[in-house]
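A.B. asks: What TrEMBL lists as transmembrane segment is 43-67, 73-92, 171-194, 214-235. The domain 'Palmitoyltransferase DHHC' annotation in TrEMBL covers 128-255.
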């Protein structure tokens, strides 16, 4: 059922002095901005480093404790290649999720001059974010860590040191999927290795001493089990959010949809950048979003010209008549 614009009610800032648009700084020019998105948050950076270290630890145990000492070279080559391929894809997905703009709204465009340039009719208002001085699109939320309004923000994840939003949800989904797969693979290999060591001499089933081998395997087993549960839940939650066209924040707030929901398959094509292909599983492929979706879901660039912003607002920002 089509939802007409008259039903798209948003909260309206009724105290303009709270926004103080005269104190907003106009958006910087293209030339003064870098091309890489990176959040300078100490906790997030530490969590991201720990994530990489845990993957490297798992790779260390899998290769040097279980596979290299194995007498079955075919088993070692197949499992070593599979595990390292999945680990590489997991880290690449983490890298893309961390360094991709999640859908930040242009900051500082809620200036008095720009609002006047929109030539709004008497009684019309736009929803503005008083924290980052931006004109806020529908379904955007302000992140206190990123200090920006993020389009279709699902949540802020410290493990990727970034928000999960419209532009990087694919990479976050791939990250959780590949981490879950390498965790399951590691658990299976640990189980087989314990059986192998019980049947053979412990001194021959590993390059390390038996106590060291047991400790390393138990730590890997604990890590793999913990992350298998955590990432599997996150993967399922993200896929559910995409298929229901409802972000985590909207679900927690029990927010009634004021937008036209799209089908689950169209949502998957939008999130993963087009019709189903192997590119869905490739963290190096860029999103091209060629699937037919509502105009309000189309991403906007980080910095836009005035004409582009006006077109963006005409599509995404709910402009309502302010009731007397």
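Placed from the backbone N, Cα and C atoms, the Cβ positions cover glycine too.
All TrEMBL annotations are machine predictions without curation.
Keep in mind the model is a prediction, meaning the values are calculated, not measured.
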A.B. asks: For the transmembrane segment (43-67), find every same-chain residue at least 6 residues outside the stretch whose CB is under 8 Å from a CB in it, and list them.
C.D. replies: 75-76, 79-80, 83-84, 87, 90-91, 94, 98, 145, 158-162, 179, 182, 186, 189-190, 193, 206-208, 213, 216-217, 219-220, 223-224, 227
A.B. asks: Determine the mean pLDDT over the domain 'Palmitoyltransferase DHHC' (128-255), rounding to the nearest whole number.
C.D. replies: 91
A.B. asks: Within the domain 'Palmitoyltransferase DHHC' (128-255), how many residues are helix, strand or coil going by DSSP?
C.D. replies: 71 helix, 18 strand, 39 coil
